[in-house]
Every structure is written in C-alpha cells, then in structure tokens.
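Below is one structure, written out as structure tokens; comments come after it.
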C-alpha cells in the first residue's frame, strides 16, 4: 500500500503506478494507493519487478510529491518438481564387471530457487533395477551392484531412477527417468565342438582343392570374441587334407590336398582344433579357449578312367624305317580294383594324314605311311585310353614323335648360275664360284665334294673344301663363232652314309668382254650386224617380223575356214543336215525345204553320193549300195543307211542329223476320210460302220444319223 503524507482522506489525491507489469500484472487503487496482483505470480518467470508510484492532485493533475521507485521481490515456494533432460537413457557396461563399475550418470534439474530453502535440493534413488545396479544419491551415478553379470544369461536391463527435491523429505516433488543398460560382450567363453567325432565322405576322383565338408565350433560370445581359427593338429591324413577358416560363417572347410586313391587307402582320421583368436588375459582362468574334435574321412570308390604310366611320351625314329614298324608303346592301366582291360586309339585330329596307327590292345604305335623328316620333323599325337567296359571314361596323353634324319637327299646347286667365259680368257682363270645345299641335316654338319663327271679340255673344278668350288679355264681363248655355249656337268656328293650325289650342269656362255673382264655381248649374230645399228633398231626390226608372221597365220586360217564352209545341199541327197539360215520357215505347208520323194521311193537311190557340205581331205572310192527291194519298209532302209554311215571312212568326224519322213504303205482297211474321194458327200454310205463292232458305233451314229436327218428334211 502506498500512502502520501499530503493525503487527508478527502479524495483530492490520485495515486498512479508505472513500471514492470503496471496495469497488467499489478494495479493500484487510485484513491487508497493499495497495489493488487491480477493473477498468480510465478517466480520462475520473473523473480522481481521494479515499479514507480506518484500521488497527484486530482483537479490540477500536478504531483504533490516527487515520484518514488520501489521493487517487488517474489518469494519462492516449492512448486516445481525435478526433471531429467532425457526421458530414456541408453548405457552399456561390459559383462563380468566388478561391483561398483560406473555405468552412466543422470542429472535432474529443479526450477525452484536453490538459495531459498530446500526446494531445489535433489536426491536420487533407484526405483527399478535392483539388485543389479545402484545409484549415488547426491551425484546420480549409476553403478553395478552384482559381480560377474553374464551377458550370455541376460543382456538387457531397464533401470528407473527417481530425482526428488526437498532433500528427499516427505512432501517433496519428484521426477523419474528410464535407463536401458546393455551388457557388452567380453571373451569369457571358449569355443566348443557340438560333436566329439565327425564323419565325412569323399569320392576318390575329387581333384585337389575340392571342399569335402566343414566343421564348426560354437562360441557363446559375439563379434571378434567369437572368432575361431581351425587347424589340423594330428592324424594320419595331415598330408592329404587341409582346413581353412571361413570368416563369414566361422566354419572350418576341409579340402583335398593330394589326390586320393580308394585302392591305396580308404579311411583317414584327423584331429581338428578350434581356438579363439582374441583372448582376454583377464579371463585366462576360464580357459583354455580352444577345443578339439576327431574327423573321420571315408574315401568312396568310383570308376576311374585309365591312368598312363607317364604324363607324356617321346619317341625317336629314323625316317627310312619300313611301313608297319613299331616306333614305341604307351602303357595305361585301370586304377580300380576291377582292373578292366584298356583299349587304345589315336585322336585323328592330331594325325590328319594318318601317318601312324596304334594297336588297340597293347598300345603299340606303328607307321602306316612313309616318314620324311624334310616334310615334318615332329609329329604331335594324342593317344586315347578307354576302358572296354566303360568307354565313356577316357584319358589322353600327348605323344611326341621326333623324326631322325637319314641321308636320303643328294646335294644340289644352291642357286641357278648364269656363267660366262670371256673370249680372251687365259688358262686358270676363275669364271664362277659354286656352292651346294642339302635337305638332310647330319649330326656332323654338311660337307660337300665337287668334281667333274668327265675330263673336260676346256674347264676344270677346284674344290675349296668349304662346301664351295671354283670353276677354272684350262686353255687360252674362246670363240663365239666356233662354240657359243659349253655344258659342264659337275658331280656334287656328301660325306654322310650312305653317300648321296647328284650331277648339276653348268651352262657357260662365251661372251665378248672388255679389258677388265666385264661382259659386253654373248650373241654370235651380233658380229654380223652393221657396226652402226643400234639396239632400238634391232627391236623395231624384230617387231615388224613378228607382225608379218601374225598376218600370214591369220590369212591362212581364214582361207582354210572358207574351204570348209558347207555347200548347197541337193534335193536328191537323202540326208538332211541342220543348217542355220537365221530366217523363218514356211510352216507345215512349206514342202520346199527337202524332197521327201526319195523316202517314198527307196528304190530310186542308185549310188551313195558324197557329202557336199564338207570336202573330204582324203578321197575314198564310193561304195555301190545294193538297191532295196520294192517291198522293203522304210525302217529297214533307215537302219541300212545308218549302218553304212557308221562304217563309212569318208564320213565327217562329228554327228550329222538326217531326217526321214515316210508315211508307209496303205492300210488294208482303206481310208476313212472323204479326202481325194471320187464321190460326193451324198453318195457316201456309212452303214457298214455298224458291222465293225461297238468301237465304231459312235461314228456310225454320227454319219448315219446325218443321212437320216438329211432325208427327213
């Protein structure tokens, strides 16, 4: 309440209020000066308010006293409960932790004034989670309360913490929060195999590296604490099998290390150990952190393909062996206990020329064609072995055949030699150096000997003993006019066994040379030409001669062709040849193309006339053909003429088409046609057709009926 000394109680003064909350939160009675709060005041919103008050004359509105300032301070009461910043907390603690291990600290706040009473003094307590955890009342730190809590038994815990003000006394306000505590894993469990003995089976044909099975040890831990390493520590199959750890599944995969054989051994025993890779030293007392199991592996028998005695074969044979000679033998066996017989064969894709063959029973390879090292020095074959009882199971082996050289080729000149000797050559002059080659390849290398086939008065051969030889002259001077070319047979032989030799002939031309021995001309005719005639002129003359010869040959050919053109055929000739006129005929009514009268009267032919289409180069006297009898049929006549043509030596050496048209003799039934008849249509009587039988009834009706109709009309 505000009161002015000038206030006499007559209502002449007026109190006014200004400042924080004036008019809204605080109002003043302008007559009495009493200040009132309009609503509940919260200290947590604002702890104090600064106001200004003044008394003024109601009539003049002038202040009767100076303005005064005062502060309204709000006293706190316990109207706020403690609150946690998080509704749910999450925390972890390793399993097997000792008692008192700190887990997490939770802190609550109270909006009340901590300097006024115990309204903001907070005490923590645990409502849920005992006896596993405890909380410090003053700090809110949660700690473990039980020793050796095992994650494998229980992993999650829900703890409820209460915060209460007023120092935890009766009447204090409180708030709660939930803490989810998870026990983290430590390596406190060793791996364990679920079985003491494990049985596996594997086919004997399993290749190296094949996985035949797996083993797995269980570990109650998780993560890296459960990682296990597998190894084979003992057993009779340590050299036959391997084991590897598969990280994603933590399994031990057993694989084949060496090839297996059922016939050699059928059962293997392994001792497999599983051990943790990350061991915590704090828990050694719980160990050892490893376990073992026995793995028994049974080898299963299967029908295996044949096995060769070697992985490959190499045979060497001379190229001159006889056909059918055995060059080598491959051997294979059935590795199974049944020991089935083996059949051998050659893969013909490796022997396309079928030079070799193989005995199917014993594997002997022999030649079926001659060998030639100079054609092919190596032959790479593939031999197939298959069981007779099971031909599908096959095995291949490479066979390399090396063809050894035999001295079966004679040496020859290395190149073609164009040799000449100068007319002014002197005795002993070198005119050519020759060498030789040989297709054979002897072990000691090539060695050739050169000599003349016979003593030659003009030239000689001097062997250089280095597989070359020199051709030397034996006399002075040579003449192109006397002899322009010399042939010199040279014998070349080798030194291998058997000795092979050949004779090569050198063609030595005699040429004109300058003073230095350079060839100028080797043609003898060149000396007869004028001295001033150049090479271009000689070429022009030769071209003119060639052109004249071509013209003469063409003219003679044309003249000969004209002589062989066919002549005009006579109408009396009984043979018709096919002649192309390139014009259109007259059709069926054209009877001028040939005379068929001769065919109608075969007796009219007296002599066989010569062909006039081609003149015979050699004249043969015509033979007299006997006339055919009057009653001879045209068929006999044609056959007779055909026989004469076949035996006629003057006939042309090519086929000639002769056409013969002949109607034949009259029918005994006479003609049914009215053509060329001496009577008219009205004079004909066809009643006799009915007497000829049912085949002529139709004709009788046609012609006979016509007459009846005609008479009726």
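Cβ coordinates are placed from backbone N, Cα and C, and glycine is handled just like the others.
Note: TrEMBL annotation is automatic and uncurated.
Feature list (source: TrEMBL):
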type	residues	note
DOMAIN	4-84	domain 'Cadherin'
DOMAIN	85-193	domain 'Cadherin'
DOMAIN	194-308	domain 'Cadherin'
DOMAIN	309-413	domain 'Cadherin'
DOMAIN	413-527	domain 'Cadherin'
TRANSMEM	527-558	transmembrane segment
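In the domain 'Cadherin' (309-413), the DSSP tally of helix, strand and coil residues is 3 helix, 47 strand, 55 coil. Helix, strand and coil counts from DSSP across the domain 'Cadherin' (85-193) read 3 helix, 46 strand, 60 coil. Under DSSP, residues within the domain 'Cadherin' (4-84) fall into helix, strand and coil as 0 helix, 32 strand, 49 coil. Broken down with DSSP, the domain 'Cadherin' (194-308) shows 10 helix, 56 strand, 49 coil.
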